[in-house]
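Here is what TrEMBL records for this protein:
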| type | residues | note |
| --- | --- | --- |
| DOMAIN | 5-119 | domain 'Tetrahydrofolate dehydrogenase/cyclohydrolase catalytic' |
| DOMAIN | 138-280 | domain 'Tetrahydrofolate dehydrogenase/cyclohydrolase NAD(P)-binding' |
| BINDING | 164, 165, 166 | NADP(+) binding site |
Ligand SMILES: NC(=O)C1=CN([C@@H]2O[C@H](COP(=O)(O)OP(=O)(O)OC[C@H]3O[C@@H](n4cnc5c(N)ncnc54)[C@H](OP(=O)(O)O)[C@@H]3O)[C@@H](O)[C@H]2O)C=CC1
Ligand SMILES: Nc1nc(=O)c2c([nH]1)NC[C@@H]1CN(c3ccc(C(=O)N[C@@H](CCC(=O)O)C(=O)O)cc3)C=[N+]21
């Protein structure tokens, strides 16, 4: 049976570290602050945003939430981002995706001050990541790397397969695995012989968004299986991309959903908010 990686426990450690740093900053009169902007009433987004708020409370990070109606215009959002860019109390800005139709996400992300871009979605930060000179690590992929470390999985020299090539998960995930000296293959909807490629992976990361996508026969015995997917099954229950019951019999270690990557995303966001506050106050990392 595979080792079940406890994302909640690892996230608690990351948050504890962020809380310590926050306390130290507060002694110097600096309070890290996060602004979360959510537009419309997507129920899943609501849950994530509430989790982010709770994490801020746990770590002592100041937070502001802007819950805006579905009808909000691009101009109104841009004006809000501009205000938050200039607001000293705010170290980090996150615009929750997806946005309602008609709003242009990329223009909004580009309007965020790169020094406050705690998601690391701004093209400046994406470029920095490509060069391995990033100031912020992308939260979900960085969370995955932490989980692998926590389970004692070595990345260097390993065959890593990422399923999914989105800007927010797949691509930055591949980049971070490469930075950690993995040999990375990225698969997507046009990939041929996907199962065969997956079966060669020592580390398999699934970020597809389809329940039941990764079956036991796609997993190499002993592999590390990381499930980024957040889906609802036919009963409305939260589940990942991986058929967990099959995979845990074959994998060496595996992350569950819930309780795997999700909590790590939020913990890394707290870490990035602390980093942002330090940066804006001329304090180097560590
Ligand atoms: N745990 C967390 O913190 C987070 C979880 N998520 C979850 O992760 C999942 C992925 O998110 P995101 O990257 O934004 O999703 P996207 O929909 O943007 O990307 C999905 C990717 O999967 C690929 N794909 C779809 N179908 C297939 C297929 N049949 N075979 C191979 N590849 C396929 C797509 O390929 P193509 O490019 O060719 O279309 C695409 O690259 C979602 O469930 C999301 O909810 C997301 C962010 C954070
Ligand atoms: N700008 C932006 N940044 C994001 O980081 C971002 C986003 N938009 N849009 C949506 C995705 C998704 N995401 C998750 C965060 C927490 C959990 C999480 O806490 N999951 C819990 C359970 C949550 C539940 O109970 O539903 C778990 O897996 O255990 C999941 C997913 C961040 N995202």
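From the backbone N, Cα and C atoms, a Cβ is placed for every residue, glycine too.
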Helix, strand and coil counts within the domain 'Tetrahydrofolate dehydrogenase/cyclohydrolase catalytic' (5-119) (DSSP): 61 helix, 18 strand, 36 coil
Structural state census, the domain 'Tetrahydrofolate dehydrogenase/cyclohydrolase NAD(P)-binding' (138-280) (DSSP three-state): 55 helix, 26 strand, 62 coil
Under 8 Å by Cβ from residue 165 (NADP(+) binding site), same chain, sequence gap 6 or more: 171, 174, 186, 187, 188
Shell list (NADP(+); ref centroid = CB of 164, 165, 166; cutoff 8 A): 162, 163, 167, 169, 170, 171, 186, 188, 207, 208
Residue among binding-site residues 164, 166 with least C-beta crowding, 10 angstrom cut-off: 166
Integer mean pLDDT for the domain 'Tetrahydrofolate dehydrogenase/cyclohydrolase NAD(P)-binding' (138-280): 98
